[in-house]
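What follows is a single structure, written as structure tokens, with notes after it.
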Amino acid sequence: MSLAFAVDEKVLCFHGPLIYPAKVLKAEKWTGDDNASGATGPHFRVHYLGWKQTWDEWVPPTRLLKHTDANLAKQRALQDAQRASNAAALAASSAGADATSSERAGEGRRRGRESTDTAGARKRKREERGTVEREEEYIKRPEIKIALPDALKLQLVDDWENVTKKNLLVPLPRTPSVRTILSDYRAFYLARKDRSSRSPSVLDEVLLGLTLYFDRSLGANLLYRFERAQYLELQKEHAAKKEERRGAGRKRGDGDAEAGEWKASDVYGAEHLLRLFVNLPGIIAHTTMDAPSVALLKEHLGDFLAYVAKEQSRLFTAYEAAPAARS
């Protein structure tokens, strides 16, 4: 019996919208009477590399690809598209909250001008119906829980009290920054002798996603009101330095010399990164990740949080008085 894929062959396998590296464990040609589903033709039992054995499954050849450079490029393209989609979902979620506030503020004015406008009334009904449908769709999504170590829960309480009650601020820029913390964790994880068989490429995806989510959500969701002036001042300073470098570049004749794009992950540290984990379940719920991807993500996040708890004294710093409050 000649089949398209051989036992022990490394392959690429579709699971949900993405492609994952896998290994063929068994290869059989089904007749329909030898399996519960009644399926016929070639089937392959695969193990997804870096996943628990509970995710092993039988798949038809239509879900498998040869492990070639061309198919690896296809895998990366799907991952990039998925990442862009997830980032768009996060951005849309944040923008949607701002838009809702603006719509509510202007609702009274519109009602006065459009009280007799039936077209406007129909539009509002459609918007309300769409909002209800979106809320119902959100409620149907499975709840995702991320367990925080007790030490980090207490850290979050102290963080809230320092900023909202004592009017203290985290000194910025932070060392280590969020980007450095994630990079250090990657080195720590890969050096562990007792680490699981999870693929380093999966870890890289997780850390890249955390960086992306942090950069996109800090200004919208991770700051207390008292911290916003500090945040705006940092952006203003960066813009001034950027313009200064651009002017110096023009004088030298090398065009638009610029400082790099402002990234929250280069400026903020563990204090604000920890806040992200409170919001992360809701962010994940707005993505299209399938169940095994979510399970794998939770395992990586659990390991990372354990690392942060272990390194707590090194990663977190003392708060300081806001500039205007200093004597």
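Our numbering is plain: 1 for the first residue shown, then up by one each step along the chain.
Placement of Cβ uses the backbone N, Cα and C atoms for every residue, glycine included.
Quantities reported herein were computed from a predicted structural model and do not represent experimental measurements.
Quick look at what TrEMBL lists:
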DOMAIN    5-79  domain 'MSL3 chromodomain-like'
COMPBIAS  89-103  compositional bias 'Low complexity'
REGION    89-134  region 'Disordered'
COMPBIAS  104-116  compositional bias 'Basic and acidic residues'
DOMAIN    123-320  domain 'MRG'
Exercise for the section: Could you tell me how many residues in the domain 'MSL3 chromodomain-like' (5-79) are helical, how many are strand and how many are coil under DSSP? Expected result: 17 helix, 33 strand, 25 coil
Fill in the blank from the handout: On the domain 'MRG' (123-320), the mean of the pLDDT values is 83
